[in-house]
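Visitor: The following feature annotations were taken from TrEMBL:
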DOMAIN    206-330  domain 'Integral membrane bound transporter'
TRANSMEM  74-92  transmembrane segment
TRANSMEM  98-116  transmembrane segment
TRANSMEM  123-141  transmembrane segment
TRANSMEM  189-214  transmembrane segment
TRANSMEM  220-239  transmembrane segment
TRANSMEM  269-285  transmembrane segment
TRANSMEM  290-307  transmembrane segment
TRANSMEM  319-339  transmembrane segment
Amino acid sequence: MTATATALRQMWHVAPHAGAHRPALRMGIAALVPMVLLTLTGHPEWGGWALLGTVTAAYARSDSPRRRFRVQAIAGLFLLLLVIVATVLVAAAVPGVVLVGATAVVAGVATVLADTGRWSPPGALFPVFVFGAATAIPATFGDLPAAAGFSTAGLAWALSVTASGDSLRTRIARHRANPAPSPAPPRPAARLTALHAAICFAGAGIAGVLALAAGLQHPAWAMVAAVVPVVGTATTGQIVRAGHRLVGTLLGVLVAGVLFLHTPGPLEIAVLTAVLLFGAELLIARNYSLALLCITPVTIGLAHPGSPQRLLTLMADRALETTIGVVVAVTLILAVHRLRIRLVG
């Protein structure tokens, strides 16, 4: 079978369920409660910060309970720091190119931390997403306590959901057989980590600058797309992941158009966001393209489209910026192919 045929087969392969409902429930509950509570108390504008704190629930989905809590706590503290730094930069009204540069640095640093700590999922995806999303939330220095407080509360809630869920599962496991947790992923070679960090830094920076130069409004979307494929050791696998990102996002944009055409209210957005995140976690380890059918509407919905025209603009931005990021990522991945072979071999 040729490399192209293998890549196409991987694109459409759907892995077994393998207990995906458990991490999906953790993510869904972690997101639902703070967003709904803040909406019901009249402060939906704070929900974005709380949601960013709950992103840590996506880490270590298949690890042992003890390791899962440890990884989520460490990664969560890093994400919390990113929210605070991003809010400070927004409050200081720094130019867009400075935000792009800062996000590129986050991409490189996060890659090193994720590889060194053997985080799962690996790579800079979540840190770049959280930092980029935080830079998109309007803020002044007076909002800094709210940003720090609600993202911290979101993190604490996510960790409590993880701990209580694992405790319940442990009690149930005493009465029936359960599959053993996956071992911690191996730590990549330092040289490969350095290469991936350099690709993520360069890719995020280039994609962000291109998005700014094109006059697009959400350069972080391009930067996320540029770092998503940079995981693993095989070029083919990285190209397949880039294809997943592009195809899944383009289809997810259409799903978002259907979901938000009627301009849902804050409570509807809060509930829909949690449901979509549940769906994303249910699918993300099975087929990344399918998961993006849920992930893409979340990012568009959080931008609160207020009119059909605004929705169409967001949909177009998402499609164009993802395409920019994927093209940049694939170009860099292919450019270092021979170097990666030497490092891995």
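Placement of Cβ uses the backbone N, Cα and C atoms for every residue, glycine included.
Computed from a predicted structure; not experimentally measured.
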Visitor: Would the transmembrane segment (290-307) count as touching the transmembrane segment (189-214), i.e. at least 3 C-beta pairs under 8 angstroms with sequence separation of 6+?
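Guide: They do not touch: fewer than three Cβ pairs between the two stretches lie under 8 Å.
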Visitor: For the domain 'Integral membrane bound transporter' (206-330), how many residues does DSSP put in helix, in strand and in coil?
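Guide: For that range the per-state counts are 98 helix, 0 strand, 27 coil.
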Visitor: With pairs fewer than 6 apart in sequence excluded, do the transmembrane segment (98-116) and the transmembrane segment (319-339) have three or more C-beta pairs that lie under 8 Å?
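Guide: No, the stretches stay apart by this measure.
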Visitor: Can you work out which residues elsewhere in the same chain, 6+ from the ends of the transmembrane segment (220-239), have a Cβ less than 8 Å from its Cβ atoms?
Guide: 3, 6-7, 10, 100, 103-104, 107, 111, 121-125, 128-129, 131-133, 135-136, 188, 192, 196, 199-200, 203-208, 210-211, 245-246, 249, 299, 317-318, 321-326, 328-330, 333-334, 337, 340, 344
Visitor: Using Cβ atoms and a strict cutoff of less than 8 Å, what residues sit near the transmembrane segment (290-307) while being 6 or more residues removed from its termini?
Guide: 14, 48, 51, 133, 136, 218, 221, 244-245, 247-249, 251-253, 255-256, 259-260, 263-264, 269, 272-273, 276-277, 279-281, 283-284, 314-315, 318
